[in-house]
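Student: For reference, the structure I am asking about is given below.
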Amino acid sequence: MTTEQPTARLQRVDSQPENPFSALIEDQSIVIIPTFTLESGVTLYNVPVAYTTRGTLSPSGDNALVICHALSGSADVADWWGPLLGGPGQAFDISRFFVVCLNSLGSPYGSASAVTYKDGNPEKGLYGPEFPLTTVRDDVRIHKMVLDDLGIKQIAAVVGGSMGGMLTLEYAYFGKDYVRAIVPIATSARHSAWCISWGEAQRQSIYSDPKYENGYYSFDEPPAAGLGAARMSALLTYRSRNSFESRFGRNVPDPSKRQNINGTERLPTPPNEHWAIHNDGHKGNWSGRNSPAPEKPAEKTEVQYMDPQFSGTKTFSKSVSTTDGNAQKRPATYFSAQSYLRYQGDKFVKRFDANCYIAITRKLDTHDVSRHRARPDSENPVREALSQIQQPALVLGIESDGLFTFEEQKEIAEGIPDSRLKRIDSPEGHDAFLLQFEQVNQYILEFFREVLPDIMSKTPTDGAAIDGVGKLTKSSTFGEAEVEDITAW
């Protein structure tokens with residue numbers, strides 16, 4: 001439920017016709033900022049910022065709870081952190097808090113980005129690859145303009161994971177009189193060389209797609225192969241080796257869920273069988289000039305069926321000659337882990353834009369809380385910058401996180417004077433903060449009760465309730481939680 005406040009003065013729009021991705025988010029508002037100068041010095045005009053609100057702002061405007069989304073997230077908190085959102089007993093209690101989530105610049109989900117008009121002018125066309133570099137600091141500054149327009153005088157707490165954790169840390173520098181508490185989760189004080197390198201590899205996947213066209217592609221012909229490959233690469237950094245091994249091992253997928261990337265598949269019949277195995281999963285055109293000509297086998301059957309994961313996608317079972325006695329002796333060449341990655345890649349390209357992916361990953365690269373905050377000769381600039389954060393902080397980390405390591409969470413907690421570090425127990429890796437709802441919910445609730453007693457002690461409008469998360473009823477579009485059994489792939 002999006003709640004408009006009577007104090008709002010800036011213009012709002014209900015839709016963004018040029019951007020097909022913004023329509024994926026229900027019940028969001030888009031506010032237009034007349035002018036905004038980025039950290040780089042570039043000035044944008046008529047800047048859209050998408051956001052959602054839930055709950056009621058207190059008369060004194062001091063019960064706002066700001067939630068910050070991750071790289072591919074949106075302003076729809078209910079989608080990716082839904083089990084934490086609700087009433088008493090849930091961390092994001094809308095009977096106590098006015099919950100606000102704002103979309104970051106560069107994202108395709110409503111805020112200014114590659115898929116919105118330049119300066120809001122249809123005659124200028126879309127930004128495309130000409131959308132300027134934005135930083136995490138740009139996000140929090142423009143978001144504050146929206147929060148001010150909503151009548152928010154003080155933020156009770158800011159919570160965010162991954163990229164959202166970066167925004168959470170930056171919010172703290174507005175000072176303790178404006179932001180009372182922060183909860184950075186599975187994030188970093190500055191983007192590491194490891195993360196920068198993964199972002200570069202993912203961008204190169206997009207650049208290598210012939211359909212990328214230097215960023216001047218159409219919505220009808222996007223670089224889907226490159227973006228899908230980037231997503232697969234990213235997903236491996238979001239999970240852990242042990243997570244994939246326990247879920248998939250060397251399982252062979254159910255044939256009915258085999259991912260058909262090209263619409264139809266060449267049957268692996270002699271003489272093209274080896275070629276087909278070699279190119280399995282390639283998203284290019286199967287009819288290359290050097291591909292072998294099909295040859296009719298002695299006997300074969302072709303079974304057409306509908307892939308249950310992709311409505312309307314036709315796939316065909318593989319067939320081999322019935323006279324081939326060695327078929328059962330051949331090793332498996334297609335595994336459940338591959339099937340799952342292809343499924344995730346295909347799902348992602350339907351909801352995200354390649355130029356936006358490039359823009360957001362470059363935004364992450366700029367993140368460094370010590371920039372312009374530490375002395376030039378400082379021996380530990382990050383520690384010096386973190387020491388300036390005055391709010392109480394709850395830092396949540398994941399031991400199995402190979403992307404934003406637990407050591408990085410310790411660095412944050414050790415640098416912030418009034419902090420406490422808690423561990424999310426999970427083998428799932430980085431994405432555990434979007435999967436382990438019970439643990440995240442309990443840690444945040446305990447922290448809020450400690451540092452926000454005036455808000456948490458109020459009798460909620462819905463009455464008392466036992467601590468606990470809501471039930472996950474559908475797979476997340478913008479997060480990682482899934483209701484289906486992914487081990488079936």
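Glycine is no exception: its Cβ is also placed from the backbone N, Cα and C atoms.
According to Swiss-Prot, the protein has these features:
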{"type": "ACT_SITE", "residues": "S162", "note": "active site, nucleophile"}
{"type": "ACT_SITE", "residues": "S162", "note": "active site"}
{"type": "ACT_SITE", "residues": "D401", "note": "active site"}
{"type": "ACT_SITE", "residues": "H430", "note": "active site"}
{"type": "DOMAIN", "residues": "63-435", "note": "domain 'AB hydrolase-1'"}
{"type": "REGION", "residues": "247-272", "note": "region 'Disordered'"}
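Would you situate these features in the structure and describe their surroundings?
Tutor: In the three-state DSSP reading, S162 (active site, nucleophile) counts as coil.
Neighbour list (S162 (active site, nucleophile), Cβ cut-off 8 Å, at least 6 residues apart, same chain): A70, L71, I185, A186, T187, F404, H430, F433.
Reduced to three states, the DSSP call for D401 (active site) is coil.
All protein chains considered, the CB of H430 (active site) has 26 other CB atoms within 10 Å. A helical conformation is recorded for H430 (active site) in the three-state DSSP classification.
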Student: Take the Cβ of D401 (active site) and count every other Cβ within 10 Å, whichever protein chain it belongs to.
Tutor: 26
Student: How does the model score the domain 'AB hydrolase-1' (63-435) in terms of mean pLDDT?
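Tutor: Over the domain 'AB hydrolase-1' (63-435), the predicted model scores a mean pLDDT of 88.
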